[in-house]
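Chemist: Here you go, one structure.
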């Protein structure tokens, strides 16, 4: 309100009529009664105008009586739908809706077939532009040309619609951020929507036309691979020419244009490779950061796994060897058991024979009451392990030894030669060396020979034993000669001592 001329300057108050939100109620406490009445009148007027706009009441009634349930009918109970059932139903409805939308798409999208590249769209646009330019001439187009132009227009609109609504890089776009802007709906070309019956009819017409063209052009015997090869040939024939700034057919272009187009394509591919290389290096670094620990862990486990596999191979080889050995032992066990059973009665017979011999010897011992010197001194150990031990030779051996000694003694006595003759003593000595050597051989304990792989018997210590016997014989003979004096006594004393050694000691 406007302040009075006589009052002091102060902030004006709000108009009470416009204060419909009652924000300034505290400021209007001291308003005049006239303003309050005016406000009440405005409120009544607004209420009356609002009530006059209501429709007039209608006195119409409708009575509905529910039919009584029959005796055989049970009242239906409403059961609340389960959450899993509701989700399954909604999922089925959504799938049916998507299938219905998919049926309205082109066959290329339904069957996920490869779509024409962008170069094909450029060629179709160029052909339509050339056709529009040719209309200015005086030659009217034929019906086939008009039909071809209509097909190209429809094909171009359909391809543009599919490429805009269902782009080829749709999978790549899924990885973009949620805040990325999507193309507006106005950029998608509108195409006419047809019913399912119309689409089926058009499909049948296209199939009939395709069959007719195959027969007319002589392609009815061609296989699907031939059509695919022809399609790939047409795609490979497309090339972007920088001079024209448009796509064209390489088969209709010159060599210079082809070279320039290939150079441009090479540059584009090189740039793309460089960009992909930098991206790949960045991704590789991130990948290494994430997987470096796993790689080290995998290397550690790989060594363990490798060693475990080697142990398994070794164990498998050993198992196979032991299984083969078990089979051989099982086969040989029966033969060994049979051989042992055959050996048992032989050992029993030998034991009985030895027992009889032992019994006879015991009886003989009891009868004579004397023990032979061989038995008495059998376990007596000599001072020198290999020295002579008392043992009486047989009567024949004693006679032979006595004859040898007598012959040499008589020969020296007849010659009456007191000189030292080495040849005489050597012949005399070596005769007794042979006798003592044979006696040592007779008293030597038996040695079991070893059997070679060829089945032959082999005695590895035979030469060593013979050498020892020979050395002992020589030592005994020449020891007896050394203790004797020269002249005639040499032969006599040596003969007597060697006779005693060869006949009564071993």
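Just so you know, glycine gets a Cβ as well, placed from its N, Cα and C.
Predicted automatically and left uncurated, TrEMBL annotations should be read as such.
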Chemist: According to TrEMBL, which of these ranges is region 'Disordered': 128-148, 149-169, 170-190?
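Modeler: Going through 128-148, 149-169, 170-190 one by one, TrEMBL gives region 'Disordered' for 170-190.
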Chemist: Which of these ranges is annotated coiled coil in TrEMBL: 203-230, 231-258, 259-286?
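Modeler: When 203-230, 231-258, 259-286 are checked in TrEMBL, coiled coil belongs to 259-286.
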Chemist: With Cβ-Cβ distances below 8 Å as the criterion, list the same-chain residues six or more beyond the ends of the coiled coil (259-286) that contact it, or say none.
Modeler: 239-243, 250, 253
